Every structure is written in structure tokens, then in C-alpha cells.
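A.B. asks: Could you have a look at this structure, given as C-alpha cells, before my questions?
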Protein chains: 2
Amino acid sequence: MNNPLDELKKRLAEISDLTAASAVLSWDQMTLMPSGGAAARARQLATMQRLAHEKAIDPEIGRLLEALQPLADTLPQDSDDASLIRVATRDYERESKIPPSFTAEFSEHASHTYEKWAQARSEHNFKIVEPFLAKTLDYSRQRANFYPGYEHIADPLIDAMDEGLKVSVIRPLFDELRQELIPLVQRITSLPPADDSCLKQQFSEAEQLQFGLGVAKALGYDFERGREDKSPHPFTTSFSIQDVRITTRVKENELNEALFSTIHETGHALYEQGINPELEATPLAAGTAMGIHESQSRLWENLVGRSRQFWEHFFPELQKVFPEQLGKVSLDTFYRAINKVQRSLIRTDADEVTYNLHVMIRFDLELSMLEGKLAVADLPEAWNERYRQDLGITPPDDSRGVLQDMHWYSGTIGGYFQSYTIGNVLSAQFFEAALAAHPEIPGEIAAGRFETLHQWLTKNIYQYGRELQGMEIVRRVTGKPMTIVPYIRYLKKKYGELYRL
Amino acid sequence: MNNPLDELKKRLAEISDLTAASAVLSWDQMTLMPSGGAAARARQLATMQRLAHEKAIDPEIGRLLEALQPLADTLPQDSDDASLIRVATRDYERESKIPPSFTAEFSEHASHTYEKWAQARSEHNFKIVEPFLAKTLDYSRQRANFYPGYEHIADPLIDAMDEGLKVSVIRPLFDELRQELIPLVQRITSLPPADDSCLKQQFSEAEQLQFGLGVAKALGYDFERGREDKSPHPFTTSFSIQDVRITTRVKENELNEALFSTIHETGHALYEQGINPELEATPLAAGTAMGIHESQSRLWENLVGRSRQFWEHFFPELQKVFPEQLGKVSLDTFYRAINKVQRSLIRTDADEVTYNLHVMIRFDLELSMLEGKLAVADLPEAWNERYRQDLGITPPDDSRGVLQDMHWYSGTIGGYFQSYTIGNVLSAQFFEAALAAHPEIPGEIAAGRFETLHQWLTKNIYQYGRELQGMEIVRRVTGKPMTIVPYIRYLKKKYGELYRL
């Protein structure tokens with residue numbers, strides 16, 4: 001008989017290997033797979049995911065975890081083994097509460113809904129997907145109800161992505177944030193808009209990709225342990241701590257598309273590549289929560305990649321790559337162009353200042369639906385009303401409104417959107433802490449060097465993987481609970497200067 | 001309770017999915033994976049293969065197969081279901097003799113050995129991989145010994161690849177062949193060598209790849225159901241009948257390298273793409289035996305791709321791609337260059353006439369190792385000695401000697417090399433039968449059309465997958481058992497004309 005800790009690790013490694021295999025299959029599907037491979041790949045992915053789930057809820061894992069509790073109690077809370085037992089127990093308890101029949105049924109429903117959504121979006125007609133979305137709402141409530149004892153019905157869905165967070169924490173934070181953002185957006189958008197025509201010229205794909213790879217490398221992305229490919233929607237995926245890949249997409253007439261999506265995904269990848277290699281093949285070898293993960297993609301994309309210092313170094317290099325297009329553009333013009341603020345309809349195109357308004361609209365609407373206060377049939381009207389109120393514009397059709405994001409139409413309603421805004425809020429809170437510890441960081445960025453920041457983030461956040469819960473990291477690193485203060489300070493300073501407010 | 005045939009198919013599909021996932025992981029490992037991913041990938045592959053093996057030897061499959069025998073006996077022997085039950089039974093019996101722990105251990109060993117081989121080859125130092133290869137020999141003997149009652153210890157390894165064949169059949173065939181080839185090589189190489197300097201100019205990688213893709217497409221390779229990537233050693237892999245991929249490698253100063261490796265792999269891929277789609281996700285969805293598979297890669301590479309007719313069509317196209325290098329080269333010179341016979345060191349570079357001498361050296365050496373007559377430590381010397389004897393040349397270092405092929409360093413010693421020569425022998429036997437049925441084929445090839453040949457091969461060989469055993473296909477298609485006569489006839493005619501013997 002094996003020692004139960006070794007036996008547990010063996011079983012967890014097997015689950016990790018199945019999950020990694022799914023990730024490889026899925027990465028290939030989204031990057032390189034020929035179209036003929038689609039049907040078989042869907043079947044292969046379903047099989048791999050089913051096998052991983054079966055292994056994850058094997059009662060033997062439950063027995064091993066129970067047998068290991070006394071050991072865990074004697075170990076330091078922070079030790080790798082104590083963390084492993086704690087996190088594996090949490091995962092096991094969470095996973096085993098969902099009946100396998102529910103998972104199968106829901107996944108079939110979700111793929112039908114996704115198809116209907118694609119049709120509804122192309123026909124600008126919410127009605128096509130409405131009955132499916134209504135059923136998704138039922139499923140989402142059912143899923144939450146597998147975890148009774150919650151304060152708010154969205155809490156179990158949020159907890160699955162951002163462990164430890166709940167509506168009673170997020171709602172007041174978001175309300176506070178909205179009160180700051182709405183007047184800021186109003187002031188900026190009453191001024192003449194920034195000129196971003198320099199970004200809308202013709203930029204060859206090969207040169208854009210080459211430049212992006214150089215930036216990713218400079219930021220610290222290790223290409224011995226990763227690579228970049230193209231895909232319709234950019235993403236980061238991890239096959240092990242030593243093989244973390246990113247994708248990007250290129251628009252030849254929009255320079256910011258590939259550039260900032262590469263920096264964004266590089267942020268996610270730096271996190272995954274920075275996890276302590278000792279945690280390989282355990283459930284600890286991943287980012288600790290969606291919101292923390294997003295804080296890293298946004299920190300690198302916005303606080304670093306959209307800063308003036310960053311472009312003091314990189315703009316002359318970019319000008320060398322595109323001399324005809326950018327040779328006569330000033331750094332100032334370029335900097336204003338990549339930070340243009342405008343009221344817009346589409347979340348994924350939104351700038352730093354308006355972005356969170358989009359997210360908070362979705363968050364509020366999904367809570368109302370889960371609470372039973374908003375019927376799915378009334379969703380488009382509620383959506384449009386909120387866009388009028390918060391952003392002062394009205395979607396001309398549902399494709400540019402309630403149908404724009406696939407999230408609700410490919411998964412549950414609830415649990416996901418909050419992490420985008422939490423990520424923005426925390427990006428500033430972490431960055432401020434990094435600057436307090438190392439005031440030399442902005443100067444280094446202006447010289448194209450990122451080691452101090454990268455090392456600080458690795459030491460304080462990345463290395464732990466899932467050993468520390470998200471909000472525990474926030475408290476340890478910043479000495480405070482999550483707060484919007486640094487984020488608002490950052491926005492007001494940056495956009496105050498940019499728009500001379 | 002499910003119908004047992006449906007239940008069997010469900011279980012076989014699951015195994016097929018796990019096998020496909022392994023194939024994707026392995027393809028990625030050899031084409032695109034960053035070096036850092038190696039260790040985790042070795043572990044992931046071992047896990048996937050262990051799981052596939054566990055599923056394949058699940059006693060429930062044995063029970064289902066037993067319950068289905070009476071049904072199989074009432075079905076026509078050739079029907080899909082009877083074939084499925086027959087082949088699944090054979091696989092089950094073969095697989096269940098290998099302990100799962102052996103499979104996992106060996107697969108991890110093989111991945112490590114592959115990495116060590118790459119290092120050894122680049123450093124020209126066999127010693128780096130020697131201890132790993134010695135362990136591979138132990139594993140190979142162990143594997144054979146799971147099937148006691150063999151005539152020769154290599155027989156179970158050969159049977160796994162070329163079902164039904166054994167040393168006592170192959171050795172006399174090879175002896176006969178060697179007796180024909182050695183005097184032929186001597187006669188040809190006593191004449192002034194062909195001038196192949198036209199192939200040794202500078203040819204840009206991108207244009208070579210582009211031309212190769214065009215040829216593959218013309219031959220009938222469906223790029224909606226496949227793709228080509230680069231890898232150190234070209235190979236074909238199948239993730240489903242609808243996703244069959246090839247790889248190639250390019251040398252900018254050797255035009256024949258990428259060109260003929262692409263045609264070779266296209267031959268394998270045409271076979272896999274040509275399998276009846278109804279057989280998807282069953283064990284029947286693969287080529288029936290290595291030797292038959294190789295007959296197809298060699299038929300397309302040599303009997304088609306190195307024929308005069310083929311280049312009557314394609315040489316003018318190639319001249320258009322490389323006008324400076326080939327504009328003034330005559331078709332005759334080019335045709336003689338790509339069919340240059342010479343005593344050389346590298347199997348994969350060898351011409352049609354000497355190629356089998358390379359293979360038979362490996363076959364004899366692996367039999368000696370398996371018989372315990374040759375130690376791994378003595379392998380480089382034995383290798384070099386046989387090259388002196390059979391080909392009259394000595395490798396200057398191990399990279400151009402015993403380290404040149406990955407086979408022994410990524411799988412077992414034994415069971416594989418014989419299929420290359422069997423493939424050559426059968427390529428001519430099948431091609432002669434195709435020409436007898438369709439004398440118009442050479443004329444079509446000269447017009448750059450391959451449908452008649454492709455369709456004939458699909459109808460007579462490809463569509464069946466594993467429904468028919470290799471030697472059964474040979475008898476059905478050619479009316480005879482395997483014989484060297486058409487191959488020797490082909491070589492003597494072609495090279496008799498080329499060298500005016």
C-alpha cells in the first residue's frame with residue numbers, strides 16, 4: 001500500500017495530464033486544425049473531459065483526502081503539501097456535488113444554445129435564442145442550488161471562478177466604482193475626441209507579429225517555454241508550467257488589435273510561467289482565481305503597455321518597423337491614440353475608462369435574472385435601457401447589444417463577468433504596491449526593462465499558483481483588502497493629464 | 001442494458017479518442033512544442049497511453065467480444081461488423097498480454113530516449129544515448145516474451161506491425177533480394193556517376209514548401225482534412241479519417257529532400273484519408289499493416305514521383321519556381337539526378353536501388369541484438385562494419401551512422417525496419433497490378449493527373465482500413481503472395497534504361 005499522499009499525488013497528476021491533453025486538443029482546434037477534423041475533435045474533447053471528471057470525483061480521492069486531514073493539520077498552512085490537500089479537498093467537494101447527468105445534459109444544452117446564439121446574432125434577432133437562454137437560466141439556478149446555504153444565488157457561481165468572493169462584497173465595490181466612472185466618462189467625452197487615425201493605416205501581418213513577439217520577449221515571456229500562434233479569439237493556455245502558449249489575431253488595418261492582445265495574453269502567460277515548478281502536475285499549478293489572472297493581463301496590457309514610459313522605449317522601434325506609416329507621427333499623438341476614450345457599444349473594443357461600465361451592466365443584469373427579478377424575455381430592453389443610462393448610447397440592434405458576448409450563450413448565467421472588473425481594479429492596486437516597493441520601475445520601463453516588476457510579481461503573486469486564495473494575496477501584497485482607490489487614482493492621473501482635465 | 005455491439009463500439013470509440021489524443025500530443029511534441037515542454041509531455045503521453053491500454057484490456061471488452069462471437073459467425077466475413085469483432089478480438093488478445101505498468105514505464109522511457117537521441121545526434125556522440133538504448137533492448141525482449149511460443153524472438157514484434165509475417169518468411173525473401181541487388185549496385189556504381197549538381201544549388205525554403213504542397217494537392221491529398229508542418233524527421237499521423245497530417249523537412253541546398261519526403265508522406269496520408277469514413281472511431285480506421293502502408297508511400301514517392309512521366313508534367317512547373325537554378329537544366333538531366341544511384345551513408349537519402357541494403361543491415365542488426373549476439377555497446381562498430389561490407393563505405397561519425405534514424409530511439413528494437421523493404425517490394429507488385437487494370441495510368445501521370453491510380457488504390461486497398469489483413473490484400477489485388485519479381489523487374493527496366501546496362 002502506497003503512502004496516501006503519494007497515492008493522492010499520483011491521482012492528481014493523472015487528472016492534470018488529462019486536463020493538459022484536453023488543453024492541447026483544444027489549442028490545436030482553435031489554431032491549426034483543418035476544418036475536416038471538427039467532428040472527431042468535438043468527440044475527442046468530450047471524451048477527455050468526461051474521463052477527467054470521472055477521475056476527479058472518484059470516491060477513492062475523497063477517502064485519501066479524509067485520511068490525510070490529520071497530516072494536513074500538523075503541517076504549516078503555507079507548505080506545499082498542506083496547500084495541496086486543502087485545494088484538492090475544495091476541488092473534490094465542489095466537483096462531486098454536481099451529478100454527472102447534469103454535466104452531460106447542460107453541456108449538450110450549452111452547445112445547442114451556442115449554435116442558436118450564432119444564428120440569432122447574424123440575424124440580429126434575440127427571439128431565436130430566447131427560449132434557450134431561459135433554459136440556461138434554469139440550469140444556472142440549478143447549478144447554484146447544488147451548493148445550498150449561500151447568501152446570494154450567484155455566490156456559488158462566482159465562487160467557482162473567484163473563490164471566496166460573493167455578491168455582498170462585489171456589489172458595493174462596483175457601485176462605488178460606477179459613481180466614480182460615470183462623471184469621469186462624461187467629462188472626457190464632452191471634449192474633442194483623440195485622433196487615432198495613425199492606428200488605422202495598413203500594417204503587414206508578418207511585421208506586426210514579429211514586433212509583438214519582440215515585445216513579449218522583452219516583457220519576460222520565455223519562448224523556450226511557450227510560443228505564439230494565431231486564432232480567431234486570442235487566449236492563453238497552459239500544458240505545463242514549462243509550456244504556456246499564447247495566441248493573437250491580427251488586423252492589417254488596426255495596429256492596436258494584435259499588439260495589445262499579445263501584451264494582454266503575455267500578462268496571463270507570465271503568471272502561468274511564473275508558478276513554482278515544484279507544483280507541476282498538481283491542482284496548485286494554475287492561477288489562483290479569474291480576477292487575479294485578469295489583474296495580470298490588464299496590468300501588463302494597460303498599466304505597462306499603454307503607459308507613456310513604455311512607448312518612450314518602444315515607439316522608436318515601432319517607427320523603424322513601419323517608417324512610412326509612423327515615421328512622422330509624434331510619440332504624443334501615438335500615446336493619445338492608443339488611449340482614446342469614447343462611448344461605444346462593444347465591450348471588447350472599449351477603452352480603459354469605459355470598459356468597466358460595460359462589465360457592470362452585465363453583472364447587474366445577470367444578478368437580476370438569477371434573483372428572478374428580470375425575465376429573459378425582458379433582457380434586451382433592460383440591456384438597452386442600461387446602455388442609455390450608463391453610457392448615453394442605445395444599441396441599434398441586439399447584435400450590438402445583448403447578443404455581443406458569447407458568455408451567457410455558452411456557459412452559465414453568472415460567475416464570469418465580475419472578474420474582468422476585479423482584474424482592472426486589482427491591476428492598479430498591485431501596481432501601486434510594486435511602485436511603492438520599487439520606485440525605479442517607471443524609469444526601467446522607459447528603458448525597455450521589466451525585470452524588477454516581473455520579479456516582484458513572481459515573488460509576490462505568480463510563484464504561489466493556487467496555494468494562496470485570491471483575496472489573501474491582495475491582503476498580503478498590498479496590506480489592504482480589495483479597494484478601488486488605487487484604480488481611480490491611476491485613471492484620474494493618467495486621463496487627467498491626457499485630457500488636461 | 002445496451003446491445004453488446006453498441007456497448008463495444010462505445011468502448012472502442014473511447015479507446016480511439018485516447019489514442020488520437022496521444023497522437024496529437026506526440027505530433028505537437030515533434031513539430032511545434034517549445035523545448036521546455038518536454039518533461040511534462042513525456043509524462044502526459046505516458047498517462048494517455050496507459051489509460052488507452054487500461055481501457056483496451058478491460059475484461060468487460062473481453063466479455064462483450066465473447067458474447068458477440070455467435071453474431072460474428074452469422075455475419076458475412078467481409079462485413080464491417082464481423083471485421084470489427086474480428087480485429088477487436090485480435091487487438092484485445094494481443095494487448096491484454098502486456099501489463100499496464102510496462103506500457104507506462106516504456107512510454108516514459110521512450111520519450112526520454114528520444115530527447116537523448118536528439119542530443120546525441122547533434123553532438124555526434126552515441127555514448128549519450130547508449131545506456132538508454134541498452135534499456136530499450138531489455139524492454140524490447142521483455143515485450144516479445146509476453147508472447148511465448150514464437151519461432152524467433154523478433155516474431156511477436158514483427159507481428160504487431162506486420163500481422164502474420166515472421167522472421168522465417170522475411171529472411172529468405174530478403175536473402176533473395178540481396179542476391180539480386182548487390183550485383184545490380186555493383187554494375188551501376190562501376191559506371192560514371194549521374195550528375196546531380198542541379199539539385200545541390202540554393203533553393204529557398206518557402207518556395208520548396210509551396211511547390212511540395214502543390215504536388216501533394218495534385219496527387220489527391222485533401223488539405224481540408226490535413227496539413228503539413230516541419231519536423232526533424234518527416235512522418236504522417238492520423239487524428240481521425242478527416243484529419244490526417246504530414247510533416248516534412250527542408251534543406252535549402254538539396255532540392256530532393258523536402259520534395260520526395262513530402263511525396264512519401266503524401267502516399268501514407270492518401271491511404272489514411274482513403275479509409276471508409278464509416279469506420280471512424282473504430283480500430284478498423286487505420287492502415288492494415290506497416291508493410292502495406294510503406295508500399296503506398298513508396299509507390300507514390302518512387303514509382304510515381306521518380307518516374308519520367310511525372311516530371312514530364314512537373315518539371316516545367318518546377319523550372320518556373322526556380323528559373324535561375326533549373327531554367328537551363330534538361331528534363332533528362334533532372335530525371336537522372338533524382339534517380340542517381342550511389343553508395344551512401346544515410347538511409348533516407350538513399351536511392352531506390354541501394355535503399356534496401358540499408359534496411360536489411362538494420363534488420364539483421366536488430367535480430368542480432370534481440371538474439372543476444374550483439375551488445376548495444378558494440379552496435380556502432382557492428383553498424384560500421386556492415387556498411388563497409390554491403391555498401392563499401394564507412395560512416396565518419398555516429399550521426400551519419402547508428403544515430404541517423406529515430407526508430408530504435410523512440411520505440412522498440414525490432415518489428416519496424418522490415419516493413420520498409422516489404423513496402424518497396426509490394427509497391428511494385430501493386431503498381432504492376434494497377435497498370436494491368438488501367439494501362440492508361442502512365443499517360444495520365446504524364447499529364448499531371450492521378451485520379452485513376454488514386455481511385456484504383458482507394459477501391460482495392462485504402463477503403464478497407466484494417467478490415468483485410470495485409471497479405472490477404474496482396475493476394476486479392478495481385479492474385480499472388482508477396483514476391484520480389486515485379487520489384488526486380490521494375491528496377492532492372494528503369495535502371496537498365498537509365499544506365500544503359
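The backbone N, Cα and C atoms fix where each Cβ goes, and this holds for glycine too.
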A.B. asks: Check TrEMBL: it lists A:His264, A:His268 as binding Zn(2+). Then name which of A:Glu224, A:Glu228, A:Glu294 it lists for that same site.
C.D. replies: A:Glu294
A.B. asks: Taking chain B as the partner, extract the recorded positions from A:Glu265, A:His268, A:Glu294 whose Cβ is under 8 Å from a partner Cβ; order them by sequence and answer 'none' if none remain.
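C.D. replies: Out of A:Glu265, A:His268, A:Glu294, none lie under 8 Å of chain B.
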A.B. asks: Cβ within 8 Å of the Zn(2+) site's Cβ centroid: which residues qualify beyond A:His264, A:His268, A:Glu294?
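C.D. replies: Going along the sequence, the neighbours come out as A:Thr236, A:Glu265, A:Gly267, A:His293, A:Gln296, A:Ser297, A:Arg298, A:Trp300, A:Glu301, A:Gly423.
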A.B. asks: Counting only residues 6+ apart in the same chain, whose Cβ is under 8 Å from the Cβ of A:His268 (Zn(2+) binding site)?
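C.D. replies: In sequence order, the residues whose Cβ lies under 8 Å from that of A:His268 (Zn(2+) binding site) (at least 6 apart) are A:Thr236, A:Ile246, A:Gly287, A:His293, A:Gln296, A:Ser297.
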A.B. asks: Rounded to the nearest angstrom, how far is the Cα of A:Glu294 (Zn(2+) binding site) from the Cα of A:Glu265 (active site, proton donor/acceptor)?
C.D. replies: 10
